[in-house]
Amino acid sequence: MTDLTSLRLSYTRAELRREDLNPDPLRQFQGWFEEAQQADLTEPYALQLATADAQGRPSVRTVLLRGADERGLTFYTNYESHKGHDLAANPQAEVLFYWAELERQVRAFGTVSRVPEAESNDYFHKRPRESQLAAHASTPQSAPVENRAALEAKFAALHEQFPEGTTIPRPAFWGGYRVQVQEWEFWQGRPNRMHDRFRYARDGDGWRLDRLMP
């Protein structure tokens, strides 16, 4: 294996100053997100979601952002998945967006709750038909499966159960979560590891903004 101690990059693309920041962290995030989209990055809406169970054992995985507004950050998943069980026992999470080409990172921490069923229904029926069937097929999510053939057979059976032209119902075990963000951090890589970091922390009805040591 390569000697990893010799591998490093120097970040020189941009700087981040206090006067550059929007006083509203959601607007700051939306601005950066739009820049990531305009930069034609691969899945800039992919985020790493970290949760922990009742005993504090952490786990992390990649999910897709499906909404970002005053209510919070929204994603969809199987409620019976590992993350679903974590969030039922410990309804808080941290998410991470890393846009390497922009040398930027955003962290957000908050409490998590399920979105209303009507909202989950609306999104489910906007998904490609094959993805709707896959939501039914991949349950119980994270459980062992004998082999790929068993999974494909289940998927094929669902194709027969819901032929083209029929409505596929959203399964009760699948839907959305929303992270109500209490803390944001914006990171811009800088030369010599002297990075720019700013944290927004909830302070009453507003936000306290601090520059952090890199």
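The backbone N, Cα and C atoms fix where each Cβ goes, and this holds for glycine too.
Computed from a predicted structure; not experimentally measured.
Gln105 is the only one of Gln30, Gln37, Gln38, Gln105 that Swiss-Prot places in the FMN site (with Arg61, Thr62, Val63, Leu64, Leu65, Arg66, Tyr76, Thr77, Lys83, Gln141, Ser142, Trp187, Arg197). Long-range neighbours of Leu65 (FMN binding site) (same chain, six or more residues apart, CB within less than 8 Å of its CB): Tyr45, Ala46, Leu47, Leu73, Thr74, Phe75, Phe97.
Reported as a whole number, the C-alpha separation between Arg127 (substrate binding site) and Tyr76 (FMN binding site) equals 11 Å.
Put simply, the two farthest-apart Cα atoms among Arg61, Thr62, Val63, Leu64, Leu65, Arg66, Tyr76, Thr77, Lys83, Gln105, Gln141, Ser142, Trp187, Arg197, the recorded binders of FMN, are 37 Å from each other. The two recorded residues, Val63 (FMN binding site) and His195 (substrate binding site), show a Cα separation of 27 Å.
Reduced to three states, the DSSP call for Val63 (FMN binding site) is strand.
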